[in-house]
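The following features are taken from Swiss-Prot:
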{"type": "MOD_RES", "residues": "1", "note": "N-acetylmethionine"}
{"type": "DOMAIN", "residues": "16-51", "note": "domain 'EF-hand 1'"}
{"type": "DOMAIN", "residues": "52-87", "note": "domain 'EF-hand 2'"}
{"type": "BINDING", "residues": "65, 67, 69, 71, 76", "note": "Ca(2+) 1 binding site"}
{"type": "DOMAIN", "residues": "92-127", "note": "domain 'EF-hand 3'"}
{"type": "BINDING", "residues": "105, 107, 109, 111, 116", "note": "Ca(2+) 2 binding site"}
{"type": "DOMAIN", "residues": "128-161", "note": "domain 'EF-hand 4'"}
{"type": "BINDING", "residues": "141, 143, 145, 147, 152", "note": "Ca(2+) 3 binding site"}
C-alpha cells in the first residue's frame with residue numbers, strides 16, 4: 001500500500017474521520033470481527049459521496065486489504081477513502097451537489113428534514129438505526145434548526161469529499 005495514502009490519512013480532520021467512522025459503523029453492525037465485507041464497501045463509499053466502479057473498487061480492495069482477509073477494517077477503509085478522494089480530484093461539482101440536494105429534498109422546500117434524510121438512507125437497502133440517522137442529521141445541521149439547508153449540505157459534503 002502506498003505510504004502517500006497512509007500519510008494523507010493523518011491529514012484528515014477529526015470531523016472527516018468521525019463522518020467516515022459513522023458510515024463505516026452502519027455497515028459493520030453485526031460483524032463479529034469489526035470489519036466490513038468487500039461487498040458492503042461500495043455501499044459505504046456511495047453513502048459518503050464516492051462512486052467507484054466495480055473495477056476501481058476491486059483494485060482499491062486489493063491494495064488496502066493487507067492481511068488478505070477479504071474484509072476491510074477501519075484503518076484500511078480510511079486509506080481507501082483518502083485514495084478515492086485523491087482520485088476524485090476536486091470531488092463533486094457544485095452542479096452534482098445541487099442535484100444530490102434536490103434528490104434528498106423530496107418536498108422541494110429548500111431543506112432536508114429528518115424524514116427526508118431517513119427515506120434516502122433507507123433507500124440504500126441497508127438497515128440504518130434511528131440513532132445513525134439522527135447522528136448524521138446532527139452532523140449536517142450546523143445551526144440546529146432541525147433541518148439541513150443547502151449551505152449546510154455543501155459544508156457537510158465538503159467533509160466527505
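In case you wondered, yes, glycine gets a Cβ from its N, Cα and C as well.
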Assigned element (helix, strand, coil) containing residue 152 (Ca(2+) 3 binding site), judged by DSSP: helix
Proximal residue to residue 141 (Ca(2+) 3 binding site) among binding-site residues 65, 69, 105, 107 (C-alpha distance): 105
When you rank 107, 109, 145, 147, 152 by Cα distance to residue 69 (Ca(2+) 1 binding site), which of the binding-site residues ends up on top as the closest? 152
Which whole-number value in Å describes the distance between the Cα atoms of residue 145 (Ca(2+) 3 binding site) and residue 71 (Ca(2+) 1 binding site)? 39
For residue 105 (Ca(2+) 2 binding site), the spatially nearest of the binding-site residues 65, 71, 76, 152, using Cα atoms, is 152
As a test of the contact definition, list every same-chain residue at least 6 positions from residue 147 (Ca(2+) 3 binding site) whose Cβ is closer than 8 Å to its Cβ. 111, 112, 113, 114, 141
Overall pLDDT of the domain 'EF-hand 1' (16-51), taken as the mean: 77
Please state whether DSSP places residue 76 (Ca(2+) 1 binding site) in a helix, a strand or coil. helix
What other residues of the same chain, not counting 65, 67, 69, 71, 76, have a CB atom within 8 A of the CB centroid of the Ca(2+) 1 site? 35, 64, 66, 68, 70, 72, 73
